[in-house]
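> Pasting a structure here, questions to come.
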Amino acid sequence: MRTRAAVALEAGKPLEVMEVNLEGPKAGEVMVEIKATGICHTDEFTLSGADPEGLFPSILGHEGAGVVVEVGPGVTSVKPGNHVIPLYTPECRQCASCLSGKTNLCTAIRATQGQGLMPDGTSRFSMLDGTPIFHYMGCSTFSNYTVLPEIAVAKVREDAPFDKICYIGCGVTTGIGAVINTAKVEIGAKAVVFGLGGIGLNVLQGLRLAGADMIIGVDLNDDKKPMAEHFGMTHFINPKNCENVVQEIVNLTKTPFDQIGGADYSFDCTGNVKVMRDALECTHRGWGQSIIIGVAPAGAEISTRPFQLVTGRVWKGTAFGGARGRTDVPQIVDWYMDGKIEIDPMITHTLSLDDINKGFDLMHAGESIRSVVLY
């Protein structure tokens, strides 16, 4: 069949909206009509050419929601008509990683997904002249129709709006999950969030959901403060307005009963390795945990004095918020529908597919939290 898609023909160039060929689902695969997709910084990272694993031509997009229209042989967990969220981190429930119970990083299709291909080593997309087009993160939601492995779709309730729950496909789950699944923040905790963009806002509301007592936001842009407060931030620090952000946080978290000070948990949402060091060193001696969410540039390295770790601090990383996609994503949709979490204020712009490049422009200008393309 033919479908409209925004194709990344080469690095550093705007996406081109065109008709492409899409082959139907093979065994263990499903075809999904994408109804809405977010535009994420990861898409921009690849399109810019900075992604060492970036492939072209490809159809980007990994933050979508839609309806199953066709299933291949052997598919049992979804059927046509089901509403789903594509998963760039699948959940096969059979590989060593899934069965370990210790990680959400399923390895079932990792090798082919990283090559922009389906599990059988081929692509379902091609140009009208037959030139193959690579898949992206196993999702390719910048196409009106896409084909995914069955293990890479989460079945969700049918009364949830596509234009909001698409954000659960990446940003919402990444931020909230880092709090709930990775850090396991407890009631009454003191926490710091570095970087108050889309991911940071979701970390904030994850902390609010978990019952954190003091929620400190750190950002160089004072304009981020009102929205951050809306999502649960209790204190704001602009590093430009203090001599030493680590000492500022330590002082802010001291109490009459604890003159050591330091956050119980910190979260880096910046991808800046210098900020990652501050995020670790502002945590409490003996038990502080710092969670790295932000993706650093290729080849970047983190550093701190080993003494920081020997004295009880822990550095952790997280991907997709530690969420097991098919199991956890439907629950996060329920949280949204039940009013436990918010998404609507973060969807600042809605666009047509023809205007998709405007979404990247808004991102570059810092004018959007999340732009969503509606099909």
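Glycine is treated like the rest: Cβ placed from N, Cα and C.
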> Please pick, from CYS40, CYS92, the residue that Swiss-Prot records in the Zn(2+) 1 site together with HIS62, GLU63, CYS170.
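Looking at CYS40, CYS92, the one Swiss-Prot places in the Zn(2+) 1 site next to HIS62, GLU63, CYS170 is CYS40.
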> From ASP219, ASP278, ASP338, grab the residue that Swiss-Prot records in the same NAD(+) site as HIS41, GLY195, LEU196, GLY197, GLY198, ILE199, GLY200, ILE293, GLY294, VAL295, THR318, ALA319, PHE320.
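Of ASP219, ASP278, ASP338, ASP219 joins HIS41, GLY195, LEU196, GLY197, GLY198, ILE199, GLY200, ILE293, GLY294, VAL295, THR318, ALA319, PHE320 in the NAD(+) site that Swiss-Prot records.
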> Ranking the binding-site residues HIS41, HIS62 by other Cβ atoms within 10 Å, which is at the bottom?
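Per-residue Cβ counts within 10 Å for the binding-site residues HIS41, HIS62 bottom out at HIS41.
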> Among the binding-site residues listed here, CYS95, CYS98, CYS106, ILE293, VAL295, which has the most company in the form of other Cβ atoms within 10 Å of its Cβ?
ILE293
> Can you tell me whether DSSP puts GLY200 (NAD(+) binding site) in helix, strand or coil?
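DSSP call for GLY200 (NAD(+) binding site): helix.
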> Around the recorded Zn(2+) 2 site, report the further residues of that chain (criterion: Cβ within 8 Å of the mean position of the Cβ atoms of CYS92, CYS95, CYS98, CYS106; site residues excluded), sequence-ordered.
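Going along the sequence, the neighbours appear as PRO90, GLU91, ARG93, GLN94, ALA96, SER97, LEU99, THR107, ALA108, ILE151.
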